[in-house]
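Taken straight from TrEMBL:
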DOMAIN    263-355  domain 'Transglutaminase-like'
ACT_SITE  C271  active site
ACT_SITE  H329  active site
ACT_SITE  D352  active site
BINDING   N392, D394, E442, E447  Ca(2+) binding site
Amino acid sequence: IAATQPSTNWHLKENARDHHTSKFSSKELIVRRGQAFTVTFTGTEQPEQNLTFIAETGPKPSKLAKTQATFGISSTVSKESWSAVLQSTSSNSVSISISSPPNAVIGRYKLSVQTTSSGSSSPASLGTFVLLFNPWSSGDDVFMPNKAECEEYVLEEFGIIFAGNKNHINSFGWNFGQFQGDILNICLSMLDRSLNYRQDPATDVSHRNDPKYLGRVLSAMVNANDDQGVLLGNWSGNYEGGKSPSSWIGSGEILQNWKKSGFKPVKYGQCWVFAAVLTTVLRCLGIPTRTITNFSSAHDTDGNLRVDEFYDASGNHLDRAADSIWNFHVWNESWFSRSDLGPLYSGWQVLDATPQEESGGIYQCGPASRNAIKEGDVDLDYDCPFVFAEVNADCMYWNYDTATEKKTLMFSKSTVIGQFISTKAVGKDDRVDVTNDYKYEEGSTKERDIFKKARKKLGLEDKFDPTAPTPQEINQKPDISGKFKVAGPLEVGKDLNLILVLANLQSDAKTVHLNMTAWSTVYTRRPVHEIWKDSISVTLSPREEKQFPIKISYTEYQQQLTTDNTIQVTALCHVEGGIQVLVQRDITLDNPALDIQVLGEAKVNKEVDVEVIFTNPVDTEVMDCVLQVEGNDLLRGILEIEVPPLKASEKSSTKFKLIPFETGPKHLLVNFSCDKFANIKTFKLVNVID
């Protein structure tokens with residue numbers, strides 16, 4: 001006879017506290033693997049020794065695939081398998097402590113109980129629970145011994161992402177929001193929508209105990225390429241039909257929109273958006289993860305550890321090379337052991353969800369062991385050559401004659417790529433530089449030795465490369481040197497003042513014909529609109545240094561600027577009787593400031609006023625002003641406020657109310673946009689008290 005339906009008490013509060021899952025706002029039990037949790041149920045009229053439990057996950061649970069476990073009550077916890085230990089019994093209820101092995105498959109489980117003595121009765125369902133990775137448990141692949149790092153890389157919902165360029169690093173806040181309402185369910189449905197799951201659900205689920213498998217699958221699912229994943233990338237500078245990538249301030253809205261639309265890709269993402277969403281998903285599932293920004297990041301498409309850039313005679317940066325050097329690129333690091341490679345390669349692993357190159361026929365990247373990158377072990381799984389090139393490639397700058405298709409090397413550099421590699425500090429809002437974890441000191445013999453080792457492992461040093469420069473080209477010495485200096489503020493709304501400094505390195509006079517251009521670009525340095533150009537001829541006396549002031553007015557660049565606020569300035573110097581010299585600089589302009597004030601003390605469940613102040617810095621009216629506000633535990637969802645137009649130099653004050661619902665340090669994120677300024681971002685730390 002079928003047993004009556006038992007009722008289950010999941011001890012949600014106590015279990016969540018013990019398993020570091022209290023931040024999830026769920027009515028379902030969420031626990032971590034390799035650790036015991038308590039369940040009490042009533043309605044089995046059997047002596048407890050006759051109880052058998054069944055925990056199962058996925059569409060075809062099986063013992064062989066480790067997606068199903070049956071276990072009775074035992075006196076001790078097993079390290080290798082699921083087990084149940086009796087806590088207490090009363091006349092009609094049983095409390096038991098259930099433990100899963102530290103390498104259990106993660107995901108949503110059904111738990112049922114069967115009574116042996118009733119013969120063939122079918123098991124009675126106790127309900128469902130979700131099992132996650134456990135960085136607090138020493139047996140887990142994702143074990144992180146430092147508790148403060150667990151707090152930051154798994155439990156922290158606020159992040160800081162670094163951007164700009166190597167001369168001018170800026171940053172903005174991001175709301176990862178991995179514990180918001182429906183995010184865990186969306187993360188689990190991401191796994192069920194992957195190509196691997198569609199091809200073979202049972203096998204895919206059986207691999208979900210392995211962080212390197214999940215990291216790789218999710219790096220593919222965060223971009224829309226191949227699998228109708230979460231975000232559609234767009235680097236054109238035109239974001240019609242969607243939201244501009246720089247307008248997002250958190251992952252929650254993106255993941256919710258993906259689900260709401262019936263899992264249609266959300267428009268649009270660029271690298272930091274892909275990386276931030278992957279951070280949210282991996283932290284949600286319990287894999288310690290952070291975002292990493294690499295300045296002057298190489299995108300080497302052909303795997304020769306070399307990036308080629310082409311310029312025409314006028315100094316225009318030609319968009320003809322497949323390779324590129326991005327002002328910055330953001331990827332992820334996740335923390336787990338590499339049983340496939342050995343302990344030397346455990347620790348931080350690079351994952352990259354931005355769709356740049358295919359790997360195994362799909363746009364996915366990693367996990368690449370950070371130690372393998374540093375040591376030049378580019379033959380190890382997964383995608384090490386691509387990541388190695390991102391931080392180490394050599395740069396070749398060519399002059400390209402569009403009429404004859406002839407190219408001439410102007411110069412090459414081995415120290416440009418991979419600078420100021422940055423991430424947020426643990427427990428603080430500071431920047432930490434991790435460049436030395438990716439490579440030995442630039443210019444040191446050790447660093448060049450590693451580069452040679454990587455080239456050798458990739459079989460590059462023996463191959464004849466028809467596109468490589470000749471030794472004669474590499475060894476030619478320029479007669480002059482040049483650089484652009486900044487002379488004034490780098491702010492949107494103000495004129496851009498630069499000085500081109502040219503120096504004659506020779507002891508005889510040189511005549512130089514200069515072709516100068518300025519283009520607006522996206523942050524990948526892809527040229528979008530020409531802003532300005534000029535040509536001059538100069539004679540430099542022996543060893544003379546001359547300065548040429550350059551002014552690009554706000555009215556000249558205002559219409560052409562992309563939402564990245566980036567301008568590339570180039571001077572191509574044709575030296576009579578000598579080789580051409582390329583002088584260039586990438587400029588990132590800062591948006592005007594936005595000021596947030598919390599008026600009074602922030603207390604739990606009490607209203608508090610917040611004021612956001614913006615002053616229009618330009619001498620024309622700004623219109624279409626919108627303020628977006630979000631912040632975990634401070635407000636639910638996203639607050640959107642329309643701000644009236646502002647006349648020249650006018651100051652606006654926008655006030656709104658918050659009712660915080662948790663104590664502790666919380667971050668309020670604000671994004672302000674209008675017709676003249678795109679996505680001015682700032683954040684404020686709010687200390688909420690009882």
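A Cβ is built for glycine as well, from the same backbone N, Cα and C atoms used for every other residue.
Note that the structure is a prediction, hence the values are computed from the model and not measured.
Candidate recorded positions: D352, N392, E447. Nearest to C271 (active site) by Cα distance: D352. The Ca(2+) site, placed at the center of the C-beta atoms of N392, D394, E442, E447, has further neighbours from the same chain whose C-beta lies within 8 angstroms: V391, S414, T415, I417, G418, K439, G443, R448, F451. Most buried of the binding-site residues E442, E447, judged by other Cβ atoms within 10 Å, is E447. With all protein chains in the displayed structure included, the most crowded Cβ environment within 10 Å among the recorded positions D352, N392 is that of D352. Every protein chain shown contributes to the tally, and the Cβ of H329 (active site) ends up with 28 other Cβ atoms within 10 Å. Least crowded of the recorded positions (C271, D394), judged by neighbouring Cβ atoms within 10 Å of its own Cβ: D394. If you measure from the Cα atom of E442 (Ca(2+) binding site) to that of H329 (active site), you get 19 Å.
Cα of D352 (active site) to Cα of D394 (Ca(2+) binding site): a span of 21 Å. In space, N392 is the closest of the binding-site residues N392, D394, E447 to H329 (active site), judged by Cα positions. Over the domain 'Transglutaminase-like' (263-355) the predicted model carries a mean pLDDT of 95.
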